[in-house]
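Copied over from TrEMBL:
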type	residues	note
REGION	1-96	region 'Disordered'
COMPBIAS	10-24	compositional bias 'Low complexity'
COMPBIAS	61-78	compositional bias 'Pro residues'
COMPBIAS	79-91	compositional bias 'Basic and acidic residues'
DOMAIN	84-219	domain 'Globin'
DOMAIN	224-324	domain 'FAD-binding FR-type'
Amino acid sequence: MSAEPLSQDGLAAPGPASAGPAGARPRRLAPVRAVPPPPTTPIVRPGRHAAPEDAADTPDRPTPSVPTPQPPSPQPRPEPARADETAEQHAARRVRQTWTEVEPHADELADWFAALLFSLAPDVRALFPARVTEPARRLLRSLVLPMSTVDRPGELRPMLEPLVREHRALGLRAEQYEVLGVALIGAMRRFGRSWDEPTEHAWVRAFSLAAGPMEQAVRAAAVPAVAEGTVVSHRRLSWDLAVLHVAPDAPVPHRAGQYLTVEIPQRPRMWRPLSPARAPRPDGLLEFHVRAVEGGWVSRAMVAHAAPGDRWRLGPPAGRLGLDLRSAREVLMVAGGTGGAPVLALCEDMARWARPRPCTVFVGGRVPEDLTVLDRLHELAEAHPWLAVAAVCEDDPLDERTQPGTLPDAVVRGGDWSRHDVLLSGSPAMIRATASALLVDGVALDRITYDPFTE
Ligand SMILES: Cc1cc2nc3c(=O)[nH]c(=O)nc-3n(C[C@H](O)[C@H](O)[C@H](O)COP(=O)(O)OP(=O)(O)OC[C@H]3O[C@@H](n4cnc5c(N)ncnc54)[C@H](O)[C@@H]3O)c2cc1C
C-alpha cells in the first residue's frame, strides 16, 4: 500500500523507476486507426478549449450530438523513449503529461468522449443517465488512472480491482474496452494541446497495457454485479448529513472497512462508493453515513430525498481499508468526517476478535455534529479497554468531548506512532495532510493504508 500523495488531477505522481509489468506485452489496439478525427463541427461548443457559459454540469445540459466516424488516420510512429526509461515508463509519462493539459477541460473532454463512444457503440448509451458529462468524466478518469501507472505494476494491480468493479457496476462488458479506448484516444486527440503521433502511440500502448488486465478481471469476476436492497430508515442529522439503513434482499458479503458502490432511484446510473458504518451483521442490514457535498449530484439526493421504501442497487464490495491479520502491531486509525464510517465498522469487527489489538482512533470534523460515529466509538471504548478514542474539531473548541485543532496536528501531538499500523479514512486532503505529518514523524510509508473518499 502506498501513501504517495495524489497530484491535483488525481493521478499518481511519477514514482521510482520500475520495470514494466512482468510478461505484459502490449496488445495491439487495432481499431484505434478508426478513431474519428476531430469533427469540423463542434460537438459541444465553438472554439478549441473555449470556456463558454454552459461549462457547468447543469441538469439541463443536453447530451452532445454524435460525430460521424471518419476514414482511418495513419498509424502513429513511436517516439524513441529516453535512454533511461522503458517503453512502459515512456508511455505512462506521456499519458500523465497530456492528461495535465486536458484536465482544465474535463467536462468538454467528457462530452466529446461520450459522443464518440455512443457513435461507435450505441448500446453503451443505455448504461448512462440522460446527462452524461459527470459519469463520462468518471469513466474517463478510471481509464486514465491505470494508464498513467503502467510503469509501476506493483501499484497498477491493486488499483484495477475497484475500477473494474465500478465498470461492472455500470454494466460495461469485457468486449467494450476496445471501443472505450478508441473513444478515449479520439477525444484526447481533440483536446491534447501537444498531441502528435508519438503521443498517440504512447496512449495506445498505455491503454493496451491497462485494458488487458481490466478485461480479464471483468471476465473472471464470478459474483453478480449488483444486489438490491430497501431503505428502511433515513435520519437527517443536519442539513448536510444523514444516516440511512438499507436492508439488502440477501446479505452482501463484505469485510468491515470495505465500501459498496451504490445506485439510488433519484439518480439512476450514477454509482457512488459508500462505506458501511457497522461491522457486517447476520441479517445483512447496512448503515450508511452520508454527507451532502456542495454541488454533489448523488450525495445531496441521498441526504435530502432518499426515503424508506426506496430501492437501492448495491455493487460488490471493494477497498483496501482493513487490518492485516498477520500483524501484531498496535493500530492507529484516523478518520475525517464520514470517513469515520469504515473506522467504526473495523472497531466493531475487532471487538468480536478473541485477541483484539490495542487501537487508538482519532476522529475529526469541522464541528461536533460532523462526528457521526463518536457516540458509538465511546460506547465501544467503555466496554473494551484495548480501544482509545480522541475527537478533534476545527470549530467549536468548547465542546467537552472534543479538542480543538486539526486532525494531523492532534495525531502527531497524541503519541509516537512509528510502531503502529496506520489506517486513514476521509477526503484526499485530510489523507494527504495526515499521511505527510505521520511520515515526517517517522511512520514508515508501507504501514499506512487508506481509501480516499473521492475519485
Ligand atoms: C472509497 C470511498 C468511500 C466513500 N464512502 C463514503 C461514505 O461512507 N459517505 C459519504 O458521504 N461519502 C462517501 N464517499 C464519497 C461518495 O462516494 C461521493 O464521492 C460523494 O458523496 C460525492 O458524490 P456526489 O455525486 O454528491 O458529488 P459529485 O456530483 O460527484 O461531485 C460534486 C462536487 O463535489 C466534489 N466532491 C466529490 N466527492 C467529494 C467528497 N467526498 N468530499 C468533498 N467534495 C467532493 C467534486 O469534486 C465536485 O466538485 C466515499 C468515496 C469513496 C471513494
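All positions are counted from 1 along the displayed chain.
In case you wondered, yes, glycine gets a Cβ from its N, Cα and C as well.
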Please work out the helix, strand and coil residue numbers for the domain 'FAD-binding FR-type' (224-324) from the DSSP assignment. 8 helix, 43 strand, 50 coil
Grouping DSSP H, G, I as helix and E, B as strand, the residues of the domain 'Globin' (84-219) number 114 helix, 0 strand, 22 coil
The domain 'Globin' (84-219) [mean pLDDT, rounded to integer]: 89
